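Peer 1: A single structure is presented below for examination.
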């Protein structure tokens, strides 16, 4: 399988502490963005995840093959940007608008948009400092394929409430799991 930990690599850096420790000067408000996104995802839950257990699927979360020790700062931040972009696109579909509370979804979009703008400058800054290519093509492809699988699943399940719950939980679990890579990146410094 293609390098798949690009997903968690990217999500690790959603917290300000991880990004700031990597030398990127983001606004202090960015430090709360990761926590706020997780809180909003939790609040968006409309049905019990237990009622959807038979709908679960292995989406091949891109976290197993991408070694955290080999990730460079600029690459990790570029992956964060890609993950945020893909998450934004996933939750911006017409089916998403019908599935979630409009106010919570708007807050989620707004937070993702702000993080994307903050990271764009950060990615360029880190790429210039390291003088390295921003992303291995396999890593970016793994992230895109992962989100494509989530999108296909939603289509296959006709954007059902359980399908959205599975996708919401998948994204939330990945956001939460990202702290492991954050620790590895901090130890590298």
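Every residue gets a Cβ built from N, Cα and C, even glycine.
What Swiss-Prot lists as signal peptide is 1-23. Residues annotated as disulfide bond in Swiss-Prot, with similarity to another entry given as evidence: 24-122, 52-162.
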Peer 1: Output, ordered by sequence, the same-chain residues six or more apart from residue 52 (disulfide bond) with a CB under 8 Å from its CB, or 'none'.
Peer 2: 162, 165, 166
Peer 1: Please name the residue among the disulfide-bonded residues 122, 162 whose C-beta has the most neighbouring C-beta atoms within 10 angstroms.
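Peer 2: Top count of Cβ atoms within 10 Å goes to 122.
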